[in-house]
Each structure stands twice: as structure tokens, then as C-alpha cells.
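Novice: Below you will find the structure I want to go over with you.
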Amino acid sequence: MGKMAAALGSVATLATEPGEDAFRKLFRFYRQSRPGTADLGGVIDFSAAHAGRGTGPGAHKVVRSQLSVSSVSDHDAHRAGLQPVSKWQAYGLEDYPGFIFIPNPFLPGYQWHWVKQCLKLYSQKPNVCNLDKHMTKEETWNLWEQSKEFLRYKEVNKRRPRSLLEKLRWVTLGYHYNWDSKKYSADHYTPFPSDLAFLSEQVAAACGFQGFRAEAGILNYYRLDSTLGIHVDKSELDHSKPLLSFSFGQSAIFLLGGLKRDEAPTAMFMHSGDIMVMSGFSRLVNHAVPKVLPSSNGESLPCCLETPPPAVVPRDSVVECCSAEDWQVCASYLKTARVNMTVRQVLATDQDFPLEPTEESKRDITTEGFCHLDDENSQVKRARLNPDS
């Protein structure tokens, strides 16, 4: 109780300091926090709620969320590597209608597939990644093949330079997000992975969103020193559909704020296998990841990743077996990293992208009377990973 009080006292003191908005202050507080101390006493742990234990000072905000159990058959859940929906635990927060947190609903061993896909398959061309700005397509064609030997023997020689996979920060899927214009477009598209689309459709349906279409994905690859800046995901043309988030690897702190930056956010842990769904009011609130938490046992994997998948999966499963050789590479990577997949529906049913002005019409538009805002708020909403923060 003393640790919790101390943590809340620290946060309260920080929030009263002048010169920064409330969200930025808490972002800075948790970025500088020290695991194993009172600093994390105010962070909600939904996994603890799942186990029947208290969830810290924010426990009063936690409510149970109802799922649409009949919307997903046990067979389809199994095809995606998930437990039957009737066995999931789902939670919400009193001040965040539309927010759903599902602590690890994956079947034992089935997270391996999604980790392998993020590192081995989704990182390949024609998908787009942060390395494309500095390297040719030939150099980034197959990051897995160029990195696997480095990662496989990383523990033998820790002084090796970082592999390309370890330099990866983001990958975009489907409609590729343009980080400069903050838009999606019809002409910047590659086929969305069918297995991830199926997984997303089952989770969305279980949360009451039948007919959800997975059209765009942003995969974030975090090192232990990575952060995700404060931002709002609003570039999709249809905000009535949820944003789905899947976490794998080391744990992190997630901050869920309000519509304005002067509203203090709520902090929660994201553990491997956890799923978050942001819809309704919570679809357009500020959020961020200020801290990735190293394992308390040094460089080790979360317990839920220690169990291998079954040797044989159902014939119609979208989940593939992961070889021991592939998992050795994935496990080496995840000992000091985490991966997050966010999936969105960009367009409403029967909606098309608006026509962009032609170059000639653009030249006819005068800029007189317009000003370009380039303040801190506009910069942090680019949702970039800041590996050096």
C-alpha cells in the first residue's frame, strides 16, 4: 500500500508542474520510471484482474466487458489460434466507452506464428518499412534471410552490430500509411495478409463488430529503448470501425488519454498476447507507449512464449507450424524487443477515396491567407517510433 501511495504521490506532483500538458508530463514520468520500484504502482494490470488479484490504484476504473460469444464459432477461433470466446476475459474502463482489453486469449504456443509472421513474412517486400528511406529495394528485399544468422548466434557474440531486423521500426500492410501526408491512398496498396485479416475479423466480431474488414496495418517493432509518441489515429476515412492492437514479446506501458492533451492519461501494462480494441469514443483519443519493460529475469521470454505450439494444427487453420530453427531466431529477437500489430478498416462499405487535385489544379490554389502549423502537437501525431528516446 505504501508503494502505491508513493507512486500516486509522484504522479500527482508531476501533474501539477507548469509548462507541459498533463499527457506529456505522465509520458515523461513513465519513460523515466524504474521497474521494480514504486514508479509503476499506478499502472493497471488487466492480467492481474484476470487472475482475481487487485490491479493497483486504478482498479476502481476497471469494469467487465461483454463479448458477443455467439458471433465466433469455437472452430473459427481455433483456426486463428485463439481460445473459444467463451473463455476470454474482457475488460473496459469507466471513463473510456468503446475501449476493450482482452488479456492473452491465444491458445498455448500459437503466438509463435504471429511473431514469426511479423519478423519473417510481413517484413518482406512489397510491404513498406522504415529502412526503405535509406536502402534500396534489393537491400531490404528479405530482412529475415539477412538477419537470421546474426540473431541465431547473438548470445554467443553480443558485440555483433545490429542486424537489419533489429533496425526495423515499422512495417505497413494493405493501404500503406503515408507518414508525411498522414493519408492513405488507393494507389499505394498491396494485398493485406489473409491470416492476419482472419484473426482480426474474429476478434472484431467477438467485440460486436461483425463485417469488419482488415484493410491497413501498421506493425511497430520496439527495442528496449523505443517509445511511441503521443498521437491520435484519425487518418482512416471511417472512424465507426475499431482499431485492433495485438502485442507480442516484452511488456510495455500504454497510456490512454482523452480528446485533448490536457487530460491526464490512464496507464496500463501490455503483456505478450494481449489484445486492445479501441472503438466509439476511445477510437479518437490520444495514446502513447512511453516505456518497454525489460524482463525481470534478465534477457528472457515471457512465460506464455515458452510453450511450443502443437506439432499438428487443424488442416484449415490460418496458423502454420513454426520450426524450431525459425523460433530460435524469433526468441533471440524477442528477449530484448516487442512487436505490436495494429489493424484498421480504412473505408466504409461502398466508400471510395476522394479524388486528389491534379497538379494543374494544385498550382491554381493560392496559399494567401493560409498558415502552416508546425507545432509540437502536429509533430507527435505522426505516430513514429522514437528509438533513441
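Just so you know, the numbers here start at 1 and follow the chain as drawn.
Glycine residues also receive a Cβ, built from the backbone N, Cα and C atoms like all the rest.
From TrEMBL, for reference:
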type: DOMAIN; residues: 213-347; note: domain 'Fe2OG dioxygenase'
type: BINDING; residues: HIS231, ASP233, HIS287; note: Fe cation binding site
Novice: If you count Cβ atoms within 10 Å of the Cβ of HIS287 (Fe cation binding site), leaving out that atom itself, what do you get?
Specialist: 23
Novice: Could you give me the DSSP helix, strand and coil counts for the domain 'Fe2OG dioxygenase' (213-347)?
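Specialist: So the counts come to 19 helix, 47 strand, 69 coil.
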